[in-house]
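Novice: I grabbed these lines from TrEMBL:
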type     : residues : note
COMPBIAS : 1-15     : compositional bias 'Polar residues'
REGION   : 1-94     : region 'Disordered'
COMPBIAS : 16-30    : compositional bias 'Low complexity'
COMPBIAS : 34-48    : compositional bias 'Basic and acidic residues'
COMPBIAS : 56-94    : compositional bias 'Basic and acidic residues'
REGION   : 156-213  : region 'Disordered'
COMPBIAS : 185-200  : compositional bias 'Basic and acidic residues'
Amino acid sequence: MSDTTDAPAESGNTDTSTQQTEPEQQPATSSHGQKPEQDEEKDFRKLYEQAVTQSRKWESRARENRDKAKKWDEAEEANRSEAEKSAARAEAAEARAKAAITAAINAEIRAAAHGWATPADAPRYLDEKDRYVTDDGEIDTKAISEDVAAVLKERPHLAAAEGGRRGPNPDPGQGHRGGVSVADQIREAEGKGDHREALRLKTQQLLDRKSGR
């Protein structure tokens, strides 16, 4: 009798019923059933849209402020130009008024120089003509007459002689005694364009120097 050993039965099949199947991991979802990546993308898009909206709003305000500033500058420039024009008109009017006053004073000076050989020369002997205008804006004819007489007293050669001719020139040797020097008379003649008189005075001055006067 042979010994027989029962070998375990080999089988290539396994009992699947005894194996535990691990559950498959599902991707995480948000509370609304969306993936986190989708939520994050949506948040970025929302922030971008908000940024664009704010940027457009500030651009619009910047344009408005720029337009307002431009209008303000234009108005200020117009006002400044008008002010400059007004100032120029005022200066021109003042210059015309001053010229008219000076002309009136010169006329009074010529009228007061009735004893002069050439009354038209009298205005250039009186400086600072504004002092002949009173606080009331009137011309002080009395002061003019006094100053014209004083000039004629200092320069008697300017007086009209009988027959309307100029009075005799002072002796060149007398210097400033009762008149002006020859040098002053020469300058005066040259200033008036009277070259003949200037030449005569220079010749007289030269002769006087040679004669020792």
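Placement of Cβ uses the backbone N, Cα and C atoms for every residue, glycine included.
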Novice: For a three-state summary based on DSSP, what are the helix, strand and coil counts in the compositional bias 'Basic and acidic residues' (185-200)?
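Specialist: Residue counts in helix, strand and coil order: 14 helix, 0 strand, 2 coil.
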Novice: Looking only at the compositional bias 'Basic and acidic residues' (56-94), what are its DSSP counts of helix, strand and coil residues?
Specialist: 39 helix, 0 strand, 0 coil
